[in-house]
Amino acid sequence: MPEPTKKAVSAFTKKPKTQEAEEGSSVVFEAVTEKPDVKVKWQCNAKDITSSDKCVITADGNKHSLTINAITKEDANGYAVIAGGSKVKFELKVTPSETPAVEPAADQTPSETPVVAPTEGETPSETPAAAPTEGQTATPAPDAPPAEEVHPDTRQDLTGLFTEKPQSGEVTVGENITFVAKVNAESLLKKPTIKWFKGKWMDLASKSGKHLQLKETYDRNSKVYTFEMQIIAAKPNFAGAYRCEVSSRDKFDSCNFELAVHEARAPEGFDIRTAFRRTSTDGKEDSGELDFSTLLKKSINMFLWLVFPRTVQVSAEPDVDVWDILSKAPSSEFEKIAFQYGITDLRGMLKRLKKMKKEEKKSEAFLKKLDPAYQVTKGQKIKLAIEVADPDVEVKWLKNGQEIQPTGRYIFESVGNMRYLTINHCSLSDDAAYSCVVGEEKCTTELFVKEPPVQIVKNLEDQMVMKGERVELVCEVSEEGANVKWEKDGVELTRDESFKYRFKKDGCKHVLIINEATKEDCGHYKVKTNGGESTAELLVQEKELEVYQSIADLTVKAKDQAVFKCEVSDENVRGTWYKNGVEVQPDARINITHIGRIHKLTIDEVKPEDEGDYTFVPDGHAFNLSAKLNFLEVKIDYVPRQDPPKIHLDCMGRTTESTIVVVAGNKLRLDVPITGDPAPTVVWTKGEKASSVKPGGEEKEGTTTSWTLNDGDVLTEGGGRVHIETAKGHCIFTIEGAERQDEGIYSVVVRNPAGEDTADINVKVVDVPDPPQAVKILSVGEDSCVVQWEPPLFDGGQPIIGYVLERKKTKSYRWMRLNFDPYPETTYEASRMMEGVAYEMRVYAVNGIGMSRHSLASQPFIPVAPTSEPTGLCVEDISDTSISLKWRRPERIGSSELEGYGVEYCKEGTDEWIPAIEGLTDRTSLTVRGLTTGDKLQFRVRAYNMAGPSNPATLAQPVTIREIMQRPKIWLPRALRQTLIKKVGDTVNLVIPFQGKPRPQVTWSKDGEPLSPTFASVRNSEVDTILFIRKTERKHSGKYDLQVVIENVEDTASITLQIVDLPGPPEELKIADVWGFNVALEWKPPKDNGNCDISGYCIQKADKKTMEWFTVVDQYRRTNCVVSDLIMGNEYVFRAYAINLVGLSPDPCNTKDSAFIQKTGIAYKPPNHKDHDFSEAPKFTHPLVNRSVIAGYNATLTCSVRGIPKPKVTWYKNKMDISHEAKYRMLSKQGVLTLEIRKPCLFDGGVYTCKAVNDSGEDTVECKLEVRPQIIKEEKKEEKK
């Protein structure tokens, strides 16, 4: 089950907000982050802002600010601040600075104002340049400089991954068009994945070919991915809605755009769209018939005006419909009508007339045809169905024009008028065009077979290996030969030059091999297919260094050689020698050697100052090896008197009793300084105080162990691990590999004829603790569990620091560590487990010495979560002693199977829930019997699985146990089952009958809220309800819900009411262009559409001389048009009305400027165009590739480069120019560069570099060439033998 989505946590505690400022002022945006060391970046329109005099960026701890000085209109943009993974957007709105308005003088005459005075016969209201009213903008004078054009804010809201979204476009049939999407990968952890769709489901990745190409580029400098979809030689069926989706790990973004494909363009100056408009009145562009009458009328007027420019006047009378005359006239009168009305293309008009007379024939054979396209997943089956008019007719099924014969995969069925073709186990070969033929008629469809996603059958397993070992991560997929992608911590893995990662494919099995794992290889590895992914964690630990031979204590005489020698398990480990904590430096007498696993320290001609403790410390390991060098000085002292023996212990503390702590397994070495003459006899005793040891080695009763040393010989030895040696003034007691039973009180007694001395030494042996006890699982969750254990029986002599836990899958052999720092408690919640997979847990105890052995594994358990609560609980039926309940399955069940449902009830006013049945029920409905009539009961249902019961689903209110005579039912009239449309001011009176006994409770609501009596009147009776609105307004539009209830049994109905009104006027009507006798107009839809769709626009024109308005086009659907056939020398103004279901908008939208149709003969001034700079720095589009060739055979190195002007290319070998060497041949063709090496030898191997240079820059690319020697034929023959 996928992990729940984590709620994003913002990195900001204070976010910048949108501000408004005047031009010329300054503004400050402030942000406060949670952490002071977070890197903060400011952006403007998705581009980074650098600190300058204009934009000042400051940071003080966790406070960051952006100051913008001298604000201008160009600064009104969208800004963003980014910290970590959080991004906050805000805007800067710039208002113009307040300047005093210039009012005209009181004595100014009308002629001095910029308003054009009306001509004779015009009223002031007809003057097109009248003074602007409030809310309008005054038209500037013709000689005044053009005001800054205000464009709508078309910036894209870059809230997702796109930095540039593909835009809708138009293309003519046969031409090409490219859609571009850009994604900034600077903040992404992995490469984004993009998909292109047509419609809702058609993936265009499988349609690449002749007419569709998908490209992808990456700019390393800006870290921006550019994705292109190029449509080549567009066809009319390419038009439609498209969608682009991009995703990267947990981020996702999508964008919709459209493609319009037009037929070939008409001749310039003739707007074919206005002539070929359809005569639809239902608001759809593609419905209705083509109206050729407008085209013919305009052609006649144009012809008459050109032939008789002086005599022909534009008549205000309605034009003659020549199409109507031609359709009613006999064929013998066609030429006469053409001459009379100036028709030149009579043949073309007759062809169109013939098509107009033909009525579309309905299919006589098919009642229902095939859909245009079907899609099916590979391996599934699909059923194609048609309905024929004749139930006895025979049909043929064709695949790509070839008749299909019935087989096991293709099944033909005939049921009444229906005919079916069933295709079982669809494969890629079934992706074709299918047709059904009935007599002479045929219907066709296309079948698209979609390959199923590749699923991961066997997931990756977590692994823990030692450094230097080989790692194999294995998974199995559902199909052989499938492509998979390997990632490490979100970064895709590829074959590098060192061959660190190897990818192996064996059927359905895919293996990632890592040779000689290192610490850097630790992380999360993921394998991905197009249908799933699997993740595993790899841990690499250092090898524990084993000591094969430790260094031993040495006692040497003067001038002798001392050799300390040790052997460890790893021959690559180096180490350092220390003497009394100071590093030993080699010199003429001291020699340090390291040969394989053996480390030696040799000291020649030992001197008294060489005596001391010597330590060997391996590099990178936390332990050391120690030994003592004793210098034996030979000299004879003749002392006439005898000294009693003396033990010198703890001279600073002046005490003879001390405690020594030793770690189990280490050497216990007790070095006791003694004096006495003659040399005393030393007796070591374990088990009691020294005072209890009798002279002569006799002991008191009790369990004791003694060792006696006299003249260097051990007289009594308790075990083979004990070593006792003496030196001048010292007695050393050593136990190799101390064990737990070696702990106790050691007593030493020294005697000679002059007397004796004793001392007690307390030795404490500390060890790792015993394993924890009784590991058990307290509870499990969806992806977690709670484990508990008991402390170990023995803590090793040191307090327990904490515990380390491990888990593994039951079917796996690898244990996964859950915590690396010791956990102090004995209860732990483990998470990040897979639901439905069996796991085991074990625990280690940790003290100051180390980690114990692991405990016994816990009983296997499966993480599983309870299901969600059942849904849709309601009362199905009720009687005097029983009630029937029904519900639906929970929305989330999880990996554990659903065991059943438990139903409970309780009386109103009590908290005691009584089971309705014993055990659980598997069904989603239940009848509870044996209830008391008149009781008010509350019911609830819970779902059960392995994890226990879910949250309960409860009825909204208690139910009274009594029989309902008649169930509530609403009889909604057919007219109210669709949207009811009324005009503003109309009366609404809706009568809706219903049934139910006893009398049901009727409730009205609008858009989820109870209906207010002041909003609408409601009258209810026993059989119907009436909703009455005396005078409708726009606010009455919405969805009205009716509910009829009897004791929790209910019925509902919905009514949608739409109140429509006249639309507002179009906005921003302007003259886009004027050429010849044509004017191009553009406008925007009205803000208020009257609560219904705009069906079209009415465009009118007026000559400024007469100001008489004439309709140019009516019911025009687009927001731009071309007005043609204007009179030369006249000046025109235009206005537009919006049209909807109610009618024309009350007010029009007038153009602020006028269009003057200039007279012919004016000299044309061509525009000045600045030449484009096509220069481009060289860039290698295809790099050189490392190669390995055989000596004696020609070799070639190939790359490609682009650049303007054409770059100069130079080849180098090991950074030496080889352009003039005869052995090399350089070729260049269409930017493809080739270096040919003729019969290379072993000396021709090396690094080859290609350098391209032009005026704009340079670029280089290099590769390695390896030349292998030839294998002699005789050697080959011997190998074959």
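Yeah, the Cβs are placed from backbone N, Cα and C, and that goes for glycine too.
Just so it is clear, the model here is predicted, and its values are computed rather than measured.
Residues annotated as compositional bias 'Basic and acidic residues' in TrEMBL: 687-702.
Here TrEMBL flags 152-260 (among others) as domain 'Ig-like'. Helix, strand and coil counts under DSSP for the domain 'Ig-like' (152-260) come to 7 helix, 58 strand, 44 coil.
Predicted-model confidence for the domain 'Ig-like' (364-438) is 88, expressed as mean pLDDT. What TrEMBL lists as domain 'Ig-like' is 364-438 (among others).
DSSP labels the residues of the domain 'Ig-like' (452-546) in these numbers: 3 helix, 49 strand, 43 coil. According to TrEMBL, the domain 'Ig-like' annotation covers 452-546 (among others).
Taken from TrEMBL, the feature domain 'Ig-like' covers 560-615 (among others).
TrEMBL lists 645-762 (among others) with the feature domain 'Ig-like'.
Marked as domain 'Fibronectin type-III' by TrEMBL: 771-870 (among others).
Look at TrEMBL and you will find 871-964 (among others) tagged as domain 'Fibronectin type-III'.
Residues or ranges marked as domain 'Ig-like' by TrEMBL: 968-1056 (among others).
As annotated by TrEMBL, domain 'Fibronectin type-III' applies to 1065-1154 (among others).
The domain 'Ig-like' annotation in TrEMBL covers 1178-1266 (among others).
According to TrEMBL, the feature region 'Disordered' maps to 1-22 (among others).
Residues or ranges marked as region 'Disordered' by TrEMBL: 99-152 (among others).
Among the features that TrEMBL reports, region 'Disordered' is placed at 687-706 (among others).
The domain 'Ig-like' (152-260) is not in contact with the domain 'Fibronectin type-III' (1065-1154), judged by fewer than 3 CB-CB distances under 8 Å for residue pairs 6 or more apart in sequence.
Comparing 364-438, 452-546, 1065-1154 for CB pairs under 8 angstroms to the domain 'Fibronectin type-III' (771-870), the maximum falls on 452-546. For the domain 'Fibronectin type-III' (871-964), residue counts in helix, strand and coil come to 0 helix, 45 strand, 49 coil, using DSSP.
Taken residue by residue, the domain 'Ig-like' (364-438) breaks down under DSSP into 3 helix, 39 strand, 33 coil. DSSP states for the domain 'Ig-like' (560-615), grouped as helix (H, G, I), strand (E, B) and coil, give 3 helix, 30 strand, 23 coil.
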